[in-house]
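According to TrEMBL, the record shows the following:
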type: DOMAIN; residues: 3-390; note: domain 'Amino acid transporter transmembrane'
type: TRANSMEM; residues: 85-106; note: transmembrane segment
type: TRANSMEM; residues: 118-136; note: transmembrane segment
type: TRANSMEM; residues: 143-165; note: transmembrane segment
type: TRANSMEM; residues: 185-203; note: transmembrane segment
type: TRANSMEM; residues: 224-246; note: transmembrane segment
type: TRANSMEM; residues: 266-286; note: transmembrane segment
type: TRANSMEM; residues: 307-328; note: transmembrane segment
type: TRANSMEM; residues: 334-357; note: transmembrane segment
type: TRANSMEM; residues: 369-393; note: transmembrane segment
Amino acid sequence: MAVSFVLTTSINSAYVLGYSGTVMVPLGWIGGVIGLLLATAISLYANSLIANLHEFGGKRHIRYRDLAGFIYGKKMYRVTWGLQYVNLFMINCGFIILAGSALKAIYVLFKDDSVMKLPHFIAIAGVVCAIFAIGIPHLSALGIWLGVSTILSLIYIVVAIVLSVKDGVNKPSRDYTIQGSSVDKIFTITGAAANLVFAFNTGMLPEIQATVKQPVVNNMMKALYLQFTAGALPLYAVTFIGYWAYGSSTSTYLMNSVTGPLWVKALANISAFLQSVISLHIFASPTYEFMDTEYGTKGSPLALKNLLFRTAARGSYITVSTLLSALLPFLGDFMSLTGAISTFPLTFILANHMYLVAMNSTLSSVQKLWHWLNVCFFGLMSLAAAIAAVRLISVDSKNFHVFADV
C-alpha cells in the first residue's frame, strides 16, 4: 500500500501543472491524447520488466545499479549509476524550477512590480530545499511528509481543474493550432515525445521495490497497475482540461494561466511549492544515500559530524542544481532533455535489454525479436529527442538569454 502511495504521488507531483503546456501544446489534441495513452501503456510494460527482475538470480536487487551490475558486470554498474544520477539530477532541477515558478506566481499575485525575477525565486527555492535535505537525514525519516505531500497534490490539482473549467466555460474561443514553422514543429514534437515518457517514470523503481514485502514481484505489480490506472487519472484531468481551457497559449506552469480568487491561487501555488520541495528530497535520496554510504557517516543523524557532513554534501548538491536551474529555467526543455538522455535509456532501452539477457534461455525467437526492436526503436528515439532538446534549449537561450525571467 505504501509503495502504491509513493508511486501514485510521484506521477502527480507538481510536474502535472506543466504537461498542458509542455505536452499538449506541441502535440495538439490528437497527438497529445494518443501520446499520453501510449506513454502510459509502454511505461507500465517497461516498469513491469524491471519489477520482474527484482529477485533475478535468487537475490533481491535493491538498487538499479545493483541489478545492472549483477546482469552485466561491474562496468555496467557504474554506467547505470551514472545514468541514474543524471536522471535524478535533471528531475530535481525541474522541481527547483517548478518551486521557483510557484513562488514567483505568489509574488505576482500580491506585488507585480517585476523587481523580483524568476532566478531570484529559484534561488530562494534552492535554499528551502537545502534546509529540508539537511533536516531529513534519510528517506524513511520522511514519515508524515508523504501524507502531507499527497494533501498538497490534491489541493493544487483540484484548484487547477476547477479554475481551468471556469475559465474554459467563460472563454468563447481558443486556438489549438500547433505553433511554429515546419522545422520547428518537428523538433518540438520530438521533444514532447520525451516529455511523454518523462511523465510516468521515476528511474528508481528497484529502490522503491526494495521496501515491498513478500511476495515482492506480485505486490509490486499491483502497485504498478494502480499507478498507471487510477493513479494516472488526476494527471490526465489536469493536462487535458488545462489545454482545453487555454489552447496553444497554455503556460508551461498552468497556474500562470488560470484566473480566480487571489487566495485560492495563492493556496495552490504554496501547495505546489511545498510539494516540489518534498518530491525533490525523494528523488535526491539515492544520491544522498550514496554520499552517506561512500563517506561512512555513522551514529546519530543529529551528531555534529553528521550534521556538518549533510550540510556540506547535500548543500553542495542543491547549490549546483539551483545554479543550473536559474541559468536555464526552461521547464519544458529540461523535461525533454531528461527524457532523452536518461529516461529512454534507463527505463526503456536498459529494461528491455536486461530482460533479454536475463531471460534469454526462456524466451522464444519472436520474444527476443520483440525486445531487440524495442531496444533499437527507443535508442533512435533517445537520440532524436536529445538533438531536439539541445536545439530547444539553444533557441530559448537566444530568445530569452541565461537567467531568464520566463
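Cβ atoms are placed via backbone N, Cα and C, with glycine included.
How buried are these features, and what lies next to them?
Sequence-distant contacts of the transmembrane segment (118-136) (same chain, six or more residues past either end, CB-CB distance under 8 Å): 95-97, 99-101, 103-104, 107, 142, 145, 273, 276-278, 280-281, 284, 288, 307, 310-311, 314-315, 317-319, 321-322, 325-326, 329, 403-406.
Long-range Cβ contacts of the transmembrane segment (224-246) within its own chain (Cβ-Cβ under 8 Å, at least 6 residues beyond either end) map to 4, 7-8, 11-12, 16-17, 19-21, 23-25, 29, 32-33, 36, 40-41, 43-44, 47-48, 51, 153, 157, 160-161, 164-165, 167-168, 171, 174, 176, 199-200, 254, 257-258.
A Cβ distance under 8 Å defines the sequence-distant neighbours of the transmembrane segment (266-286), meaning residues of its chain 6+ beyond its ends; these are 6, 9-10, 13-14, 17, 63, 84-85, 88, 91-92, 95-96, 98-99, 102-103, 105-106, 109-110, 125, 128-129, 132-133, 136, 138-139, 142, 145-146, 148-149, 152-153, 155-156, 159-160, 202, 204, 207, 255, 314, 317.
Sequence-distant contacts of the transmembrane segment (307-328), counting only residues of its own chain at least 6 positions beyond either end whose CB sits under 8 Å from a CB of the stretch, comprise 89, 92-94, 96-97, 100, 118-119, 122-123, 125-126, 129-130, 133-134, 137, 284, 287-288, 291-292, 295, 297, 301, 334, 393, 396-397, 402-403.
Packing against the transmembrane segment (334-357) from elsewhere in the chain are residues 15, 18, 22, 42-43, 46-47, 49-50, 52-53, 64, 67-68, 71-72, 80, 83-84, 86-87, 90-91, 93-94, 97, 191-198, 201, 203, 325, 328, 363, 368, 371-372, 374-375, 378-379, 381-383, 385-386, 388-390, 392-393: each is 6 or more residues past its ends and has a CB under 8 Å from a CB in it.
When Cβ-Cβ distances below 8 Å are used as the criterion, the transmembrane segment (369-393) is approached by residues 186-188, 190-191, 193-194, 328, 330, 332-333, 336-337, 339-341, 344-345, 348-349, 352-353, 355-356, 363 of the same chain, each at least six residues removed from its ends.
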Within the same chain, where does the transmembrane segment (143-165) have neighbours whose Cβ lies under 8 angstroms from its own Cβ atoms, ignoring anything closer than 6 residues to its ends? I mean 6 or more beyond.
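Residues packing against the transmembrane segment (143-165) from afar: 5-6, 9, 12-14, 16-17, 136, 234, 237-238, 241-242, 244-246, 254-255, 257-260, 264-265, 267-269, 271-272, 274-275, 278-279.
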